[in-house]
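Working notes, structure below.
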Amino acid sequence: MKMKTEEDQKSQGSGDARKGRMTLVLGLVTFIAAFGSSFQYGYNVSVINSPYQFMQDFYNETYVRRYGEYMSKDLMTALWSLTVSFFPLGGFFGSLMVGPMVNTCGRKGTLLINNVFSIIPAILMGISKVAETFEVIIVCRIIIGICAGLSSNVVPMYLGEMSPKNLRGAAGVVPQLFITIGILVAQILGMRMILGSPEGWPILLGLTGVPAALQLLFLPFFPESPRYLLIQKGDEAKAKAALQRLRGWEDVEDEMEEMRLEDQAEKAEGKMSIFTLFTYRGLRWQLISIIVMMMGQQLSGVNAVYYYADIIYENAGVQKENVQFVTVGTGAVNVVMTMLAVYIVEALGRRILLLAGFGICCVACAVLTVALNLKSISGMPYVSIACVISYVTGHAIGASAVPSVMIIEMFLQSSRPAAFMVGGSVHWLSNFTVGLVFSYMEKGLGPYCFLVFCGICLATVIYIFIIVPETKNKTFMEINQSMAKRNGIDVQADKEELKDFTAVSVPYSKKNEAERNSAL
C-alpha cells in the first residue's frame, strides 16, 4: 500500500510538471500574437525618433509649397507634439474598445480585426511623401495608436488566459519583450545609413504593416482562449478542445474544473461594467492598485526617454553623429533586461520586481538631473548615459513588464475586460500627457524635469510596498480570495454584494446562468 502511494505521488508530480510546460502550440501562438501586435506598439513608440529632423523638414517643405513661407517655430513645435502625442491618444481610444470587442469577438477575434488599424495607416504613411501631405501622418498616428491600445491590453489577456499558472507571469511579460524588440528594430532601421534618411523615412513608417499582415495570415490557425470559450460563451466542448491542443495531451480535467469553479463563482456577476467595477467594494484595492501602477509606469517618464532619446543624449554632450549608436545600444539593453524579466518573474515574484524596477528608476532620475546640470565637467556625459541605461534597466525588469501581469491575475474572467479598459485608459492617457508636455517641460525646467519623474517613481514604490500583494503561483480564485480579505469583506459578503450589483447593472444574468448550467 505504501509503495502504491509513493508511485501515485511520483506519477502525480510528473503529471504536474508535464502540465506546466511550454508546448509547441502555446509557444507559437505566443510568438504570433506578440510579434503581430505588441511588436508594433514598440515599433511605433520609437519609429519617429531618429528621422524626426527629416520629417520636420518635410513638414516645412510641404508648408512652403502650399503657402510660400516657412512655418514658425511655434507651429512646428505644435505639429510635432501632435505627431508624437496622437499615438498615445489613439491608444486611449483603443483601450476604451477593449471590453466590448473581447466580449463580443473574443480575444483572438479582436486581434485579427485589430490588424485593420495597422495595415491601412501603414500604407497611407508610406505614401505620405509622394502625396505631399503631412496631415495624413498625424491622423494615421491616431489610427495606429488605436491598434496599439487594443493590442497592449488584449495580447496579455489572451496569453495569460491560455497559459498554465506556473507560466502565466512569463507569458504576461512576453508582450513587453516584443514591445522592446519593436523599439530596438525601429532604432536600428532608423539609423542614417539604413532608413533614417530623407528618402527612407516613409518606408520606415510603412513597415509597421508587415507584422500585422503576418498575424492576419497565421493567427486563425490557433485556438481561442479556453477561459473565454467556457466562461463567457458557455461552450465546454470547444474550451476543452482548445485546452487539449494548447497543453498537448488529452487529460485537462484539472484545469477544466478550475475554470468551472471560477465560472460558478461568477455566475451572479455577469459581465461587469466599468461603473460596477468602480462601485464594487470587493475589487476596490485591485482597481486602485492597477490605476497607481499604470500611472506610475507612464508618468515615470519612460516614453520621454524613448520619444526624445536623441535630444537627451545631445544635451548630455554626446556628439550628434554618435547619438544613433548610443540610442541603439540603449534599446539592446532594454531587450536583454526584459528577456531576463521573462525568466525571473516566476522565480522572484511580481512584487519584488515592481519594487526593484521603480526604485532603480527613481535613483536614476535623481542622478541624471545632477549629471545633466554638470555636463560641462569631464566624464559627466558618460554618467548621463549610464543613468539612462540604468533607468531603462529598471523599467524593463519591473515597471514596464509586470503591471499587465497583475491585471490578469488580480481580476477574474468577468471583471478582467473592464479592468483592462481602466488600466489601458490610464496607461494611454498618462502616455499622451508625457508625450505632449515633455518638450515644454524640458524647455521650462531643463534638467530638473527628471525630478518630477523621480518623485512619481518614489510615490509608486511606497504604494506597492504597502498595498500590492504577491500573486506568483496562485490560481485566479486564490488571488481573488486573498484580495477579498484586503478589501475587508469575507467571501460570503462578496457574493451577496455581487448579487446586489447584478440586480441593478446586469438584468440578463439569470438567463446567462441558465445557459451555463445547461452547458455544464
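Each residue's number is its place along the chain shown, starting with 1.
Keep in mind that glycine also has a Cβ here, set from the backbone N, Cα and C atoms.
Automatic prediction, not curation, is the source of TrEMBL annotations.
Annotated domain 'Major facilitator superfamily (MFS) profile' per TrEMBL: 30-472, in sequence order.
Residues or ranges marked as transmembrane segment in TrEMBL: 21-43 (among others). Sequence-distant neighbours of the transmembrane segment (21-43) (same chain, 6+ residues past either end, Cβ-Cβ under 8 Å): 111, 114-115, 118, 144, 147-148, 150-152, 154-155, 158-159, 162-163, 167, 171, 174-186, 207-208, 211-212, 214-216, 218-219, 222-223, 245-248.
Proximity of distant same-chain residues to the transmembrane segment (78-99), defined by a Cβ-Cβ separation under 8 Å and at least 6 residues beyond the stretch ends, is recorded for 44-45, 48, 52, 55-56, 59, 71, 110, 117, 134, 137-139, 141-154, 274, 303, 307, 417-418, 420-421, 423-425, 427-429, 431-432, 435-436, 439-440. What TrEMBL records for 78-99 (among others) is transmembrane segment.
The transmembrane segment annotation in TrEMBL covers 111-130 (among others). The list of residues near the transmembrane segment (111-130) in space but at least 6 beyond its ends in sequence, with Cβ under 8 angstroms from a Cβ of it, reads 33, 36-37, 40, 58, 94, 101, 105, 136-137, 140-141, 143-144, 146-147, 150-151, 154-155, 158, 201-203, 205-213, 215-216, 219-220.
Taken from TrEMBL, the feature transmembrane segment applies to 136-159 (among others).
Summarising the annotation, TrEMBL assigns transmembrane segment to 171-195 (among others). If one looks beyond the transmembrane segment (171-195) by at least 6 residues along the same chain, the residues whose Cβ comes under 8 Å of a Cβ in the stretch are 30, 33-35, 37-47, 49-51, 152, 155-156, 159-160, 162-163, 201, 203-204, 207, 306, 324-325, 327-328, 331-332, 334-335, 338-339, 341-342, 345, 396, 400-402, 404-405, 408.
The feature transmembrane segment is assigned by TrEMBL to 201-222 (among others).
The transmembrane segment annotation in TrEMBL covers 287-309 (among others).
The transmembrane segment feature in TrEMBL is assigned to 325-345 (among others).
If you look up TrEMBL, you'll see 352-374 (among others) marked as transmembrane segment.
Among residues of the same chain six or more beyond the transmembrane segment (380-406), those with a C-beta under 8 A of the stretch's C-beta atoms are 152-153, 156, 160, 168-169, 172-173, 175-177, 179-180, 289-290, 293-294, 296-297, 300-302, 305, 309, 312-313, 316-318, 326, 329-330, 333-334, 337-338, 340-342, 344-345, 350, 353-361, 363-365, 367-368, 371-372, 374, 423, 457, 460, 468, 471. Annotated transmembrane segment per TrEMBL: 380-406 (among others), in sequence order.
Residues annotated as transmembrane segment in TrEMBL: 418-439 (among others).
Per TrEMBL, the feature transmembrane segment maps to 445-468 (among others).
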- Intrachain residues whose Cβ lies under 8 Å of the transmembrane segment (352-374), provided they are six or more past its termini: 293, 296, 300-302, 315-316, 341, 344-345, 380-381, 383-384, 387-388, 390-391, 393-403, 446-448, 450-451, 453-454, 457-458, 460-461, 464-465, 468
- Note on the structure: Among 201-222, 325-345, 418-439, the stretch with the most Cβ pairs under 8 Å to the transmembrane segment (136-159) is 418-439
- Message: Are there residues at least six beyond either end of the transmembrane segment (201-222) with Cβ under 8 Å to its Cβ atoms? List them, or say none.
- Response: 25, 28-29, 32-33, 35-37, 39-40, 43-44, 47-48, 51, 54-55, 58, 108, 111-112, 115, 118-119, 121-123, 125-130, 137, 144, 147, 186, 189-190, 195
- Near the transmembrane segment (445-468), which same-chain residues lie under 8 Å Cβ to Cβ, leaving out any that are not at least 6 residues past its ends? 285, 288-289, 292-293, 295-296, 299-301, 304, 315, 351, 354-355, 358-359, 361-362, 365-366, 368-369, 372-373, 399, 406, 438, 486
